[in-house]
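Visitor: Handing you a structure now.
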Amino acid sequence: MAQAGGAGAGAWGRRGAGAGAGPERAPWRWAPALLWLAAATAAAAAAGDPSRRQWPVPYKRFSFRPEPDPYCQAKYTFCPTGSPIPVMKDDDVIEVFRLQAPVWEFKYGDLLGHLKIMHDAIGFRSTLTEKNYTMEWYELFQLGNCTFPHLRPEMNAPFWCNQGAACFFEGIDDNHWKENGTLVLVATISGGMFNKMAKWVKQDNETGIYYETWTVQASPKKEAEKWFESYDCSKFVLRTYEKLAELGADFKKIETNYTRIFLYSGEPTYLGNETSVFGPTGNKTLALAIKKFYYPFKPHLSTKEFLLSLLQIFDAVVIHREFYLFYNFEYWFLPMKSPFIKITYEEIPLPNRKNRTLSGL
């Protein structure tokens, strides 16, 4: 299994519309496809390795970020105008902004905003220099590649182009965030706190390397057992807020909501990693079942093929109640349950200050 890479601290930058043609999973089809599946499933009315029964399964962190595989190409260039995070003067006063706008707003405007499918970021403004900055975390090779693999004829195992990384650049695009989303002040911090946050962001970015679309739990109830947590743009924002609160930031009392995509299943079954499933001594029947499940999610050449694949996905997930999840570079089987999949826009409050000695302000 190859994993795309190349988003270390020196590669941070602003997303853009530059394009390199490649095997990118077309978002203009799979975004409405997810919505269709969510609507359709809402209308439709095991034993693994005991040592792995820690729920939710902890997100695995790594000691380094691997280099990108040339096969993995993004339609929209990752972070093309990025810059290193600047060192602020300790006595500077930094305003912190909550930024939120519809996913793919640059292409579809407010279309996905009406469905509350939002992208999250953080803005900063230095009082001393009057410079603005944007910081966000997102997929290197677009959402489809982070969610589903490529089935390459020359490879036995599915091939994943899944990485996410931090992006930092000077400036805040007011129109982008205000027109169809949110740009609001949530906290004020010192330059010293900002510098400590920057060191934490670098470490977080170097060790948390892959994107996870799904939150998987037993039911829609708030107290339901959670099997897997997502790891996406909103989780990066929430982690950063928590770090700032730990450093002493005092957040305003305002409502903050975030998009989440849920899968609902019974207790997952651990299947193994790439070698144990797809290697020479692997389970060929299981390997074939996993590849058969992922086959309908491949890039499509025609509308007819795309619609046929939607029916195959519905049959697998809803009728046969099966889903194969790739998490921490390991495969899991999810025995799906009604309502199967749901997209929500939930409130997650801003954190309370952890440290009452706010030095430098």
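Every residue number used here counts from 1 along the chain in the order it is shown.
Each Cβ is built from the backbone N, Cα and C atoms, and glycine gets one as well.
Source: prediction; values computed, not measured.
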Visitor: If you check Swiss-Prot, which of Cys79, Cys233 bonds to Cys167 via a disulphide?
Guide: Cys79
Visitor: According to Swiss-Prot, which residue among Cys72, Cys233 is joined to Cys161 by a disulfide bond?
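Guide: Recorded disulfide partner of Cys161 in Swiss-Prot: Cys72.
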Visitor: List the Cα distance (Å, whole number) between Cys79 (disulfide bond) and Cys233 (active site, nucleophile).
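Guide: Cα-Cα, rounded: 14 Å.
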Visitor: Around Cys72 (disulfide bond), how many other CB atoms lie within 10 A of its CB?
Guide: 23
Visitor: What is the total of other Cβ atoms whose distance to the Cβ of His119 (active site, proton acceptor) is within 10 Å?
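Guide: Result for His119 (active site, proton acceptor): 24 neighbouring Cβ atoms inside 10 Å.
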Visitor: What average pLDDT is reported by the model for the topological domain 'Lumenal' (49-361)?
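Guide: The answer is 93, the mean pLDDT of the model over that range.
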Visitor: Cα of Cys167 (disulfide bond) to Cα of Cys72 (disulfide bond): how many Å, rounded?
Guide: 19
Visitor: Look up Cys167 (disulfide bond) in the DSSP assignment and report helix, strand or coil.
Guide: strand
